[in-house]
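Pulled from Swiss-Prot:
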type	residues	note
BINDING	223, 224, 225, 226, 227, 228	NAD(+) binding site
ACT_SITE	246	active site
ACT_SITE	280	active site
């Protein structure tokens with residue numbers, strides 16, 4: 001039944017908007033029920049955050065970090081419980097959600113290091129004083145979280161924002177409210193002062209109200225390109241607000257050379273189908289060189305993909321992947337598969353719904369080499385398209401033939417080709433003999449084009465959580481030895 005599912009100004013209150021529930025995508029068992037925040041409750045949260053900002057911003061960095069490190073300790077202590085919540089809400093296997101919570105823990109130390117390296121304080125001595133650089137927090141930051149990593153990805157905005165001295169109003173995906181609620185309760189236990197972090201639950205209307213609030217100073221978003229573009233339009237004409245958009249991709253993995261076929265297949269499986277294809281860096285396109293080696297790779301890739309273990313989050317032994325986020329998402333993927341076939345794609349491995357009224361789907365592999373005008377879309381699930389090519393010029397052209405620019409990868413022992421990709425590829429992440437889905441929180445994460453607005457997250461999140469303040473300083477004022485022309489003193 002519904003409960004107090006909003007955290008506003010240090011109090012748990014029930015949403016006054018429409019009620020809704022979330023279900024496990026595979027079993028359809030209801031796992032959470034609650035009510036949306038109304039526009040009035042959105043304003044209450046934003047006003048409370050505005051009131052809390054001055055005190056939090058002037059709290060010493062040492063004291064802010066102490067609270068944030070207590071949160072990390074609580075995450076570690078509650079790792080399995082939170083991982084089970086994420087698994088029940090998303091259907092991701094427990095092995096994977098345990099790694100997600102561990103990434104949340106690690107984010108704290110990494111973000112502290114990034115704060116000092118990217119946005120700390122520095123002083124340069126000068127003959128007549130000093131030049132200093134400091135960084136100041138923006139104020140009230142609206143954080144919009146996605147459903148695919150409902151713990152880790154919002155955490156990647158919230159932690160650096162709080163370290164820098166900002167306050168946060170957090171709206172998670174309406175598909176994963178339970179994870180957000182459980183995470184915020186850990187922040188509460190950590191001793192975060194009232195209204196420094198506020199939680200709003202709801203769908204599109206709640207998000208629009210939050211983005212339009214006059215009390216916010218910035219929006220930090222991870223999610224689809226369509227929603228990101230909508231937020232960009234909403235904030236048009238508001239240059240005083242910082243906007244960080246981390247969106248999707250139509251990512252390409254170029255397979256040029258195949259020495260160890262199973263090693264390449266494993267890399268491709270991890271790139272295309274991990275998390276049921278619901279990572280923004282997943283390989284939506286496999287660009288494979290023509291020839292017998294490429295033919296053999298495709299055959300082996302199909303065999304391994306067909307045999308992937310897909311099942312419930314708590315099954316033993318553990319599956320490689322669970323379902324996609326909802327039955328609606330599964331149906332959309334099946335429709336996308338059929339649309340591609342209707343355009344002329346050749347199905348090499350057909351995606352099927354594995355259980356009735358369930359989000360469990362098998363992988364799809366389609367050859368679209370001879371198909372003109374393939375839609376430049378992000379199919380957010382275990383669906384990948386194969387393109388064949390003859391020379392590397394053609395492969396690079398194919399890889400760059402997208403409005404997105406998140407990630408691209410190369411499989412080849414030839415470093416010269418990788419060096420060329422580093423110059424010619426249009427993507428924020430360029431990997432070499434590594435899965436596209438591999439990323440490091442100690443590096444920036446983001447893309448160009450429809451994948452983002454040049455506000456990389458991860459280690460560079462510190463950059464959009466504070467603004468630089470430059471100063472020329474001198475403890476004493478004295479008349480210069482030489483005056484400018486035209487001045488008589």
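Using N, Cα and C of the backbone, Cβ positions are placed for all residues, glycine too.
Features as recorded by Swiss-Prot, highlighted on the structure.
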| residue | record | Cβ contacts under 8 Å, 6 or more apart |
| --- | --- | --- |
| 223 | NAD(+) binding site | 144, 145, 146, 173, 246, 247 |
| 224 | NAD(+) binding site | 247, 248, 378, 380 |
| 225 | NAD(+) binding site | 247, 248, 378, 404, 450, 451 |
| 226 | NAD(+) binding site | none |
| 227 | NAD(+) binding site | 144, 207, 221 |
| 228 | NAD(+) binding site | 221, 245, 246, 247, 452, 453 |
| 280 | active site | 148, 246, 247, 248, 249, 378, 406, 451 |
Within 8 Å of the Cβ centroid of 223, 224, 225, 226, 227, 228, the other same-chain residues by Cβ around the recorded NAD(+) site are 221, 229, 230, 247, 248
Here the 10 Å Cβ neighbour count for residue 246 (active site) comes out at 28
